[in-house]
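Novice: What Swiss-Prot records for this protein is below:
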INTRAMEM  2-13  intramembrane segment
TOPO_DOM  14-20  topological domain 'Cytoplasmic'
TRANSMEM  21-40  transmembrane segment
TOPO_DOM  41-73  topological domain 'Extracellular'
BINDING   Glu42, Gly45, Glu47  Ca(2+) binding site
DISULFID  Cys53-Cys180  disulfide bond
DISULFID  Cys60-Cys174  disulfide bond
DISULFID  Cys64-Cys169  disulfide bond
TRANSMEM  74-94  transmembrane segment
TOPO_DOM  95-135  topological domain 'Cytoplasmic'
TRANSMEM  136-156  transmembrane segment
TOPO_DOM  157-189  topological domain 'Extracellular'
TRANSMEM  190-210  transmembrane segment
TOPO_DOM  211-226  topological domain 'Cytoplasmic'
Amino acid sequence: MDWGTLQSILGGVNKHSTSIGKIWLTVLFIFRIMILVVAAKEVWGDEQADFVCNTLQPGCKNVCYDHYFPISHIRLWALQLIMVSTPALLVAMHVAYRRHEKKRKFMKGEIKNEFKDIEEIKTQKVRIEGSLWWTYTTSIFFRVIFEAVFMYVFYIMYNGFFMQRLVKCNAWPCPNTVDCFISRPTEKTVFTVFMISVSGICILLNITELCYLFIRYCSGKSKRPV
């Protein structure tokens, strides 16, 4: 699946989202997917090529690079975006199932009076209620979990969010402790902090949307006749 396909699927989910959900999707597309596709390769394209160590020992440079960068930042962010977007696909499948059921009932004549034709069923906005409410709420909950887990993994794996100019490595087969230099550390630090900040904003938006959905759910129950 490429980014265009993912965008078209999530765009379909956006039609049935709350206002906060629409803001989250906008942030996801503009500040994460677009930035990752357009700018990430320019910033991180020289990762291993310009990782220089002051030794000529064969294999030392590769081992040190693997020690400090076990997973490429770009690949980790791409995996994060895929995992964060996956719960929204569950909502898309649930909406598609509901429409399929309505089409089936329409063809049988059970809901002929509710819709003019099948095209109206396709374009109708599906309300977030009933079982769809649970699917939608669960998807947001898992988005928060995935975002938090990836931020924690990123922090642990790279020992923080700031890129050092110089790192020391004594892994085998290096003959002793060698100095290794990272290319453009300031630029990479700024980019990393930006991506982490956007992840934090997405978490806040998801938590806000969860609170909104629960408040609306509770207020709806309180209005029902006893």
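Numbers here mean position along the shown chain, with the first residue as 1.
Yeah, the Cβs are placed from backbone N, Cα and C, and that goes for glycine too.
These figures come from a predicted structure and were not determined experimentally.
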Novice: Tell me, what is the mean pLDDT of the topological domain 'Cytoplasmic' (14-20)?
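Specialist: Taking every residue in the topological domain 'Cytoplasmic' (14-20) and averaging pLDDT yields 78.
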Novice: Mind checking which residues reach the topological domain 'Extracellular' (41-73)? Cβ under 8 Å, same chain, six or more beyond either end.
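Specialist: Contacts of the topological domain 'Extracellular' (41-73) (Cβ under 8 Å, skipping residues fewer than 6 from its ends): 157-158, 167, 169, 171-175, 178-184, 187-188, 191-192.
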Novice: Based on DSSP, name the secondary structure state of Cys169 (disulfide bond): helix, strand or coil.
Specialist: strand
Novice: Go through the chain and flag residues at least 6 beyond the ends of the topological domain 'Extracellular' (157-189) whose CB is under 8 A from any CB in it; none is fine as an answer.
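Specialist: Cβ under 8 Å, 6 or more out: 43-44, 46-47, 50-55, 57-61, 63-65, 67-71, 73, 76, 196.
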Novice: Given a separation of at least six residues and a C-beta threshold under 8 Å, show me what packs close to Cys169 (disulfide bond) in the same chain.
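Specialist: Looking at Cβ-Cβ distances below 8 Å from Cys169 (disulfide bond), excluding near sequence neighbours, one finds Cys53, Cys60, Val63, Cys64, His67, Tyr68, Thr177, Val178, Cys180.
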Novice: By DSSP, what is the split of the topological domain 'Extracellular' (41-73) into helix, strand and coil residues?
Specialist: 14 helix, 2 strand, 17 coil
Novice: In angstrom units, rounded to an integer, how far apart are the Cα atoms of Glu47 (Ca(2+) binding site) and Cys174 (disulfide bond)?
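Specialist: Each residue's Cα considered, Glu47 (Ca(2+) binding site) and Cys174 (disulfide bond) end up 20 Å apart.
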Novice: Taking every protein chain shown into account, which of the binding-site residues Glu42, Glu47 has the largest tally of Cβ atoms within 10 Å of its Cβ?
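Specialist: Of the binding-site residues Glu42, Glu47, the highest Cβ count within 10 Å belongs to Glu47.
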Novice: Give me the count of other Cβ atoms within 10 A of the Cβ belonging to Cys60 (disulfide bond).
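Specialist: Cys60 (disulfide bond) is surrounded by 22 other Cβ atoms within 10 Å.
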Novice: If you count Cβ atoms within 10 Å of the Cβ of Cys64 (disulfide bond), leaving out that atom itself, what do you get?
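Specialist: If we count other Cβ atoms within 10 Å of Cys64 (disulfide bond), we arrive at 22.
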Novice: For Cys53 (disulfide bond), what is the tally of other C-beta atoms lying within 10 angstroms of its C-beta?
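Specialist: There are 20 of them.
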